[in-house]
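Notes to accompany the following structure.
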Amino acid sequence: VPVLAQDPSAPGAGLLALAVVATNLLVCAALCLHRELRSITNCLVACLALADLGVGALAIPFSVVLSLELTLCFYTCLFLACFPLVTTQFSILLLLASVEPTRALSRLSPCSYAMYVRRGRVLGAVGLCWLLSLLIGLSPMMGWNRFAAERAAVVLIHLGRCSFTSVFAPEYLVYFVFFACTLLPLGALLGIYADLFRLVRGHFLAQPLRAAKRGELPMARTLLLLLGIFCLCWIPLHVIYCVRLLCPGCRSYAALDRLAVLLSHLNSLANPLVYAMRKKDFGRTLRSVCLRYVPCCSRKDQGPALFLIPLPAGGAGGPIPA
């Protein structure tokens, strides 16, 4: 008989999943319906929206199932835990390796953007992110897991409460996923930003002070906002894993664990809001899509219509209400 644990965060996770799916579907619809938005940078935003859509539609529900701590066969539990890792890791890699550097380059150095950012290179970067995400997320299925570490002889009798920490080796979560696959791309991104600012620093210094502030300060705020949201959403969960690895005897708090998981999923809702809605043309397009295709947002109560009846030349009159 399955053993269930009450998870008070499950309703909140369900609402978050719906919000993530709805918001990222809206971004994808805006890009499909409006050709003027189909730039290379927005193509990356669309790929990121699809990845975050997978997080909302599959990864968050799978995480809720894991939080119930069902009593399952080890490899069934391992598959449920690996799938969310693939989708979330793709979102992280695409965010850090493609979307942010491309958008920064397009704003800070348009000439370099036109020279280096090509459609083939962008598609190659997206494919590489998918390949790395599959390798990272499915590594536990290939043997880097607690089952292999414990050297259990028979899979079918290796039953227990299913959760991330019960199937993933702590060294895998800390040294591989956090240090190698999150901190390294984040450090590389900071290096890219520093190099981009160095390249265009002379351009800003050559402008009048007021014009330079108009160009530099908004871009700096955007970059700080993007990095701040990413760190706020992902660092707490990885810090918890680090504490568990380095201090096995330290007390753990289930409520803190659930909050950290929800924060990591919240990044998939913040991505479309930051990357799409901070661009004025994208924001206007999203509003038009909402008003046209979302029933609750359509404007139905606009009052009685006015019809103009043509009059003979020289006649007097005006609009007659219907």
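Cβ atoms are placed via backbone N, Cα and C, with glycine included.
Keep in mind that this is a model prediction, so the values were computed, not measured.
Some features that TrEMBL has for this protein:
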{"type": "TRANSMEM", "residues": "12-33", "note": "transmembrane segment"}
{"type": "DOMAIN", "residues": "23-275", "note": "domain 'G-protein coupled receptors family 1 profile'"}
{"type": "TRANSMEM", "residues": "45-66", "note": "transmembrane segment"}
{"type": "TRANSMEM", "residues": "72-99", "note": "transmembrane segment"}
{"type": "TRANSMEM", "residues": "120-138", "note": "transmembrane segment"}
{"type": "TRANSMEM", "residues": "173-194", "note": "transmembrane segment"}
{"type": "TRANSMEM", "residues": "223-246", "note": "transmembrane segment"}
{"type": "TRANSMEM", "residues": "258-277", "note": "transmembrane segment"}
Same-chain residues at least 6 beyond the ends of the transmembrane segment (223-246) with a Cβ under 8 Å from one of its Cβ atoms are 92, 95-96, 100, 104, 165, 170-171, 173-174, 177-178, 182, 186, 189-190, 193, 252, 256-257, 259-261, 263-264, 266-267, 270, 274
Tertiary contacts of the transmembrane segment (120-138), defined by C-beta under 8 angstroms and 6+ residue spacing from its ends, are 40, 43-44, 47, 82-83, 85-87, 89-90, 93-94, 97-98, 102, 176-177, 181
Averaging pLDDT over all residues of the domain 'G-protein coupled receptors family 1 profile' (23-275) gives 80
Given the transmembrane segment (45-66), its same-chain partners at Cβ distance under 8 Å and 6+ residues beyond its ends are 7, 10, 13-14, 16-21, 24-25, 27-28, 31, 77, 80-81, 83-84, 87-88, 90-91, 94-95, 98-99, 126, 162-164, 261, 265, 268-269, 271-272, 275-276
Ranking 72-99, 173-194, 258-277 by Cβ pairs under 8 Å to the transmembrane segment (12-33) puts first 258-277
In the same chain, residues at least 6 away from the ends of the transmembrane segment (258-277) whose Cβ sits under 8 Å of its Cβ atoms read 7-9, 12-13, 16-17, 19-20, 23-24, 26-27, 30, 45, 48-49, 51-52, 55-56, 59-60, 63, 67, 88, 91, 95, 99, 103, 225-226, 229-230, 232-234, 236-237, 240, 283, 286
